[in-house]
Amino acid sequence: MVTTIIGFPRLGEFRELKFTTEKYFRGEIGEAELLESAKTLRRKHWNLVKEAGITEIPSNDFSHYDAVLDTAFLLNVVPQAVQSLDLTDLERYFALARGYQGEKGDVRALPMKKWFNTNYHYIVPKFEKDTQVKLASNKIFDEFVEARERGLLTRPVLIGPFTFLQLADYEVGTAPTDFVESIVATYQAVFETLANLGAKTIQLDEPSLVKDLTAKEKALFLDIYEKLLADKKGLSVLVQTYFGDVRDIYADLLTLPIDGLGLDFVEGKKTLELVSTGFPEDKVLYAGIVNGKNIWRNDYEKSLALLKKIPTTNIVLNTSCSLLHVPFTTVNEEFEASILQHFSFAVEKLAELRDLDTILTEGGADLLARNKDLFRTERVGTNQDLAARIAGLTEADYTRLPDFAEREIIQAERLKLPELPTTTIGSFPQTEEVRATRLAFRKGEVSAQAYDTFLAKQIDDWIEWQEEVGFDVLVHGEFERNDMVEYFGQNLSGYLFSKNGWVQSYGMRGVKPPIIWSDVTRLQPITVKWSSYAQSKTDKPVKGMLTGPVTILNWSFPREDISIKESTLQIALAIKEEVLDLETAGIKIIQIDEAALREKLPLRRSDWYEDYLDWAIPAFRLVHSTVAPDTQIHTHMCYSEFTDIIPAIDNMDADVISFEASRSNLVILDELKAQNFQTQVGPGVYDIHSPRVPADGEIDHTIEAILAKVPRQKVWINPDCGLKTRGIKETRESLIRLVEVAKLARQAITK
Ligand code: GLN
Ligand code: ZN
């Protein structure tokens with residue numbers, strides 16, 4: 001049987017690409033050296049895939065930054081401002097990814113967005129009126145030839161034209177349909193060159209097909225593909241989808257002259273049902289059965305049973321999505337063998353595809369037997385008390401009393417805050433000194449006592465500073481945390497941490513999601529010590545600062561033996577204990593961050609509630625339902641892209657929510673008003689993703705815009721998000737301005 005993958009991780013086993021690229025950014029090495037080391041990496045990865053026995057190997061799945069950006073360069077969808085810069089191709093490429101400020105000009109980076117329901121970010125291309133779509137990059141050809149010279153006939157991979165058009169931004173006065181002809185011609189030019197170079201098949205990734213498609217979108221897709229496939233230049237065309245099923249367009253796909261169709265049997269709830277209605281004999285089904293998103297071993301018995309149900313023999317065994325979303329290999333991990341045997345990172349998933357093929361074609365009884373053992377023996381026990389607690393939860397446990405309107409009065413009475421209260425989102429700059437001291441403490445070079453003294457000093461300084469500047473609600477600064485999920489995970493039972501399990505998040509950056517191994521309970525109080533310490537230093541309220549259960553879950557690798565709902569409720573109960581301890585310790589305001597709540601909203605609207613919001617929102621309420629009416633609960637979300645789910649956000653029943661808003665033109669405010677949003681709001685008044693200090697008048701203008709749309713009794717003044725990645729100087733200047741402007745706005749109101 002044929003085996004393949006959709007794509008392989010790019011950063012390298014030890015994040016070599018990241019480190020080399022950063023050297024290049026710092027000017028320590030030149031372009032030639034960067035390109036050479038990328039080549040070495042590609043060779044290593046191709047060899048690994050080949051040696052694992054994978055028979056169809058992709059190329060052009062490598063990227064120096066992001067595949068959507070690569071495609072934009074291929075198609076010449078590069079804004080005029082960057083085209084005209086006198087830079088090399090690679091410099092221009094990085095200019096679009098990260099912005100360029102230097103002697104040759106000044107351009108801003110293109111925006112980034114989350115790639116479907118993952119924590120990977122792509123660069124959003126921009127079509128302008130004078131965009132001339134044409135073949136403008138040789139990357140896909142060069143990498144094909146590079147592999148061919150090593151004796152490998154690869155299958156080049158490209159983001160498909162439909163998904164590319166769907167993900168792009170458009171200058172006013174332009175629309176996707178304006179570019180169909182030139183896009184089709186350019187893809188055909190790619191086909192032709194690849195065919196001339198000896199390629200047989202091209203893979204076009206079309207994940208946008210797993211979303212709800214309007215009639216117009218469907219028509220656009222069909223229009224593009226009918227034109228494109230009218231002349232394939234002798235290539236076979238594989239349309240590859242992932243992250244869901246293609247229910248809206250499956251029947252149409254089968255009528256197109258494509259040669260292969262890649263479907264996701266892991267996340268695609270209806271994929272099996274769809275293929276059961278029939279799959280034509282003249283096409284190859286690329287069946288995504290090995291999970292490309294999670295780190296658990298594949299259950300061979302289940303996969304084989306699934307394969308049996310697929311009514312075609314023309315099957316290629318595949319992963320469900322690119323292996324970009326899992327770490328490189330388990331080989332460098334230090335878990336005990338009994339634990340490690342349950343994990344499968346990218347390299348191990350290659351072997352799983354191979355195993356499945358062996359079992360299907362040659363018997364492989366021993367492989368199957370060993371895998372069965374892994375799943376038949378109980379991996380972890382069940383915490384019966386916890387299970388009973390969760391089973392016994394009733395509506396009352398998810399309900400905070402009295403209702404918000406009454407609490408609002410009680411809290412105003414207790415907190416006595418002025419109108420337009422000022423606060424920050426939690427973290428202050430994590431300077432080199434903070435990070436170095438934490439590392440030294442972890443390595444045992446700094447004693448626990450010395451580390452505590454150090455943290456206390458940071459808190460002292462920042463509490464004093466916030467009082468001086470005149471903030472109304474203070475924070476301790478989160479200096480003890482290196483990450484808002486890992487810090488909590490380390491204090492919860494059931495969590496494991498890999499040494500080297502990096503997954504690309506954006507650009508060359510990786511994150512190392514912790515693994516939920518077993519039932520989760522709180523081991524000890526987590527934040528009480530530093531929150532109460534900070535509170536003891538001031539008469540102003542200091543916010544307790546927690547990460548919420550949905551975010552902790554979403555930024556971890558979840559279990560597959562119990563539902564993510566069950567895991568989330570376990571985490572919610574653990575965080576609830578923390579909330580109650582903070583309250584007992586005298587903390588009057590507690591913020592429970594749900595930065596990643598929006599991220600895992602299902603791609604299809606019809607799944608939003610049943611598959612997600614119906615348990616995620618109650619899980620949040622469970623965390624705070626039993627606090628006293630006069631304890632004020634805040635939450636924070638990083639996206640204001642929740643226009644569609646405003647009632648659900650109100651249903652979290654927090655007292656105050658802060659969110660990133662200043663970058664999105666405050667459109668959300670109209671919707672909040674239209675939908676009669678009750679929760680008090682702190683729309684961010686300045687962007688913290690850039691070192692820029694807001695100019696004179698900027699924050700004033702934003703506050704004015706907010707007050708024009710939100711009743712002033714409901715408004716808080718705060719930045720977009722935490723400040724941990726910022727420098728001290730710009731942070732202080734920006735925050736001083738924020739407080740000054742808020743005070744002026746307050747005076748203006750009372751007049
Ligand atoms: N409290 C966190 C911080 O300020 C929130 C971070 C986030 O929203 N990503 O760092
Ligand atoms: Zn945030």
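Heads up, the Cβ atoms here are built off N, Cα and C, so glycines get one too.
A TrEMBL annotation is a machine prediction, not a hand-curated record.
Pulled from TrEMBL, these are the features on record:
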ACT_SITE  His689  active site, proton donor
BINDING   Arg15, Glu16, Leu17, Lys18, Lys114, Asn119, Trp555, Glu599  5-methyltetrahydropteroyltri-L-glutamate binding site
BINDING   Ile425, Gly426, Ser427, Glu478, Asp593  L-homocysteine binding site
BINDING   Ile425, Gly426, Ser427, Glu478, Asp593  L-methionine binding site
BINDING   His636, Cys638, Glu660, Cys721  Zn(2+) 1 binding site
BINDING   His636, Cys638, Glu660, Cys721  Zn(2+) binding site
DOMAIN    3-311  domain 'Cobalamin-independent methionine synthase MetE N-terminal'
DOMAIN    420-743  domain 'Cobalamin-independent methionine synthase MetE C-terminal/archaeal'
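Sequence features, as recorded in TrEMBL, placed on the structure.
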{"residue": "Arg15", "record": "5-methyltetrahydropteroyltri-L-glutamate binding site", "DSSP class": "coil"}
{"residue": "Lys114", "record": "5-methyltetrahydropteroyltri-L-glutamate binding site", "DSSP class": "strand"}
{"residue": "Ile425", "record": "L-homocysteine binding site", "DSSP class": "coil"}
{"residue": "Glu478", "record": "L-homocysteine binding site", "DSSP class": "coil"}
{"residue": "Trp555", "record": "5-methyltetrahydropteroyltri-L-glutamate binding site", "DSSP class": "coil"}
{"residue": "Asp593", "record": "L-homocysteine binding site", "DSSP class": "strand"}
{"residue": "His636", "record": "Zn(2+) 1 binding site", "DSSP class": "strand"}
Candidate recorded positions Arg15, Glu599, Cys638, Glu660, His689, pick with smallest Cα gap to Asp593 (L-homocysteine binding site): Cys638
Rounded Cα-Cα span from Cys721 (Zn(2+) 1 binding site) to Gly426 (L-homocysteine binding site), Å: 8
Under 8 Å by Cβ from Asn119 (5-methyltetrahydropteroyltri-L-glutamate binding site), same chain, sequence gap 6 or more: Val503, Ser505, Val511, Pro513, Asn554, Trp555, Ala596, Glu599
Per-residue pLDDT averaged over the domain 'Cobalamin-independent methionine synthase MetE C-terminal/archaeal' (420-743), given as an integer: 95
Local Cβ density at Asp593 (L-homocysteine binding site) - other Cβ atoms counted within 10 Å: 24
Alpha-carbon spacing, Ile425 (L-homocysteine binding site) to Cys721 (Zn(2+) 1 binding site), which is rounded to whole Å: 5
Lys114 (5-methyltetrahydropteroyltri-L-glutamate binding site) to Glu660 (Zn(2+) 1 binding site) - Cα separation in whole Å: 15
Close-lying binding-site residues around ligand 2 among Ser427, Asp593, Cys638, where CB distance stays under 6 Å: Cys638
Entry from the binding-site residues list Gly426, Ser427 having the most other CB atoms no farther than 10 A: Gly426
Candidates near ligand 1 among the recorded positions Leu17, Ile425, Asp593, His689, judged by a Cβ under 6 angstroms: Ile425, Asp593
Cα-Cα distance, maximum over Arg15, Glu16, Leu17, Lys18, Lys114, Asn119, Trp555, Glu599, record's 5-methyltetrahydropteroyltri-L-glutamate binders, Å: 28
Nearest of the recorded positions (Cys638, Glu660, His689) to Arg15 (5-methyltetrahydropteroyltri-L-glutamate binding site), judged by Cα-Cα distance: His689
Glu478 (L-homocysteine binding site) and Lys18 (5-methyltetrahydropteroyltri-L-glutamate binding site), Cα-Cα, nearest whole angstrom: 27
Of the binding-site residues listed as Glu16, Ser427, Glu478, the one whose CA lies nearest the CA of Cys638 (Zn(2+) 1 binding site): Ser427
